[in-house]
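Under the heading domain 'ABC transmembrane type-1 1', Swiss-Prot lists 56-261. If you look up Swiss-Prot, you'll see 331-525 marked as domain 'ABC transmembrane type-1 2', on the strength of sequence analysis. What Swiss-Prot records for 12-32, 58-78, 95-115, 134-154, 199-219, 240-260, 293-313, 334-354, 374-394, 404-424, 463-483, 506-526 is transmembrane segment, and it gives sequence analysis as the kind of evidence.
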Amino acid sequence: MATRRQPLIPGWLIPGVSATTLVVAVALAAFLALWWNAPQDDWVAVWQDSYLWHVVRFSFWQAFLSALLSVIPAIFLARALYRRRFPGRLALLRLCAMTLILPVLVAVFGILSVYGRQGWLATLCQSLGLEWTFSPYGLQGILLAHVFFNLPMASRLLLQALENIPGEQRQLAAQLGMRSWHFFRFVEWPWLRRQIPPVAALIFMLCFASFATVLSLGGGPQATTIELAIYQALSYDYDPARAAMLALLQMVCCLGLVLLSQRLSKAIAPGTTLLQGWRDPDDRLHSRICDTVLIVLALLLLLPPLLAVIVDGVNRQLPEVLAQPVLWQALWTSLRIALAAGVLCVVLTMMLLWSSRELRARQKMLAGQVLEMSGMLILAMPGIVLATGFFLLLNNTIGLPQSADGIVIFTNALMAIPYALKVLENPMRDITARYSMLCQSLGIEGWSRLKVVELRALKRPLAQALAFACVLSIGDFGVVALFGNDDFRTLPFYLYQQIGSYRSQDGAVTALILLLLCFLLFTVIEKLPGRNVKTD
């Protein structure tokens, strides 16, 4: 009896292998382009370049300070948010989650409107007869912006750790009379200390690879990071060899940070409890006052820049700016790039998770982890590094395109894969545990299973991943900074041009439109599954 020929690669493995091959091939092509353009015989002079080492030191120093100033206050803010229930708490938690995907230039514009020399606080001090001496440029401005972005995210992640503490532990501590420092040390700290290192490593990595923030608020050669030096080498000096060398250095640093972050990131098992969310009824006055002060300070950090964008955007230039065709051209460019990049990101992520899930089901854990890690690999090549590789590759072959839609879409999709993986990874595993045996018994597999099971059960996580990817793409400035021109510009690129030419009122309108577009796009995509889908 003739036996049926077995395929070289099982069908369930093809999606993951294809996505992994694509991601690795792109990363390898960018790396080779950087390597070929890097100065091969001038490395000794490079290592002796004092300015280069100043840039490297500043990159690490500002990232370290940003992580420190974000994580330490987040510990106390997370405790306050856990203990207090107040109107608007859910909205505040949602805002904490949104700051990570808020367009950087919008936040920078709001920060300048509040803390700048002509900002709200300067005007208030002037009316009180005081002198406003704070400058939002340089290291202090970079730290302020990074804390604005990362303190809410750190608070949200640490709050999850506090919510995992079994209610029985809290109840027992209350019965034993544990209060304040002793309660923090023996009950909360064992859970927080497992979450703090990976959170700090993540924030350090994000701040180390920060580009738009440093470009806008750097304030000169003394406050320059490696990514900004890459941009300057290509855009101002046009020194591809130096840009390639800096990009390789940045890639090595980021790869080390990614590996460190992955090593520190250990899943925290939720506590088994029958008293979820139990809180000590013995609530002291000074504790309530301290928590209220912390929450008010957090609101004063987050809300004024966002309110400034809205208030400053509604100015007398609004009708004139809205009548400019270039604004709507930039909006349409941003929208089509964001939607295309979001869809491509979700498709590639599902391909990786599909094959990874099948490998894990067959007890091939290491192979499954390798597939998932290939999606995280792109974190080792920040957008500006990947864009530099594409820039040099195209410049040395077919030439730079007039319109870089495809490059920007593809790069933004790759940069969003790690975030989409985090959104879809656990729901995908839950579905496997729930429906895998049923699908096997019914013979449902492949495309049929995807259509009947995954696409139905994953409606909400898929919409959330798509929303995150689209908003991350629409607010990106790092990639388009190299390829943008008068014929190809997105809203962030157009806003940067307005800020650079001191058209602050026009820029305020553009920042408001970009903020509203991100909010509407995120809300609409998140609502796509419909009201009947259960939400957290």
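Residue numbers in this text run from 1 along the chain shown.
Here the Cβ of each residue, glycine as well, is placed from N, Cα and C on the backbone.
Same-chain residues lying 6 or more positions outside the transmembrane segment (293-313) and placing a CB less than 8 Å from one of its CB atoms are 73, 76-77, 80-81, 84, 86, 92, 95-96, 99, 106-107, 109-111, 113-114, 119-120, 147-148, 151-152, 155, 505, 508-509, 511-513, 515. When Cβ distances are compared across the two stretches, the transmembrane segment (404-424) makes no contact with the transmembrane segment (506-526), since fewer than 3 pairs at least 6 residues apart fall below 8 angstroms.
Of the recorded ranges 12-32, 374-394, 463-483, 506-526, the transmembrane segment (334-354) has the largest number of C-beta contacts under 8 angstroms with 463-483.
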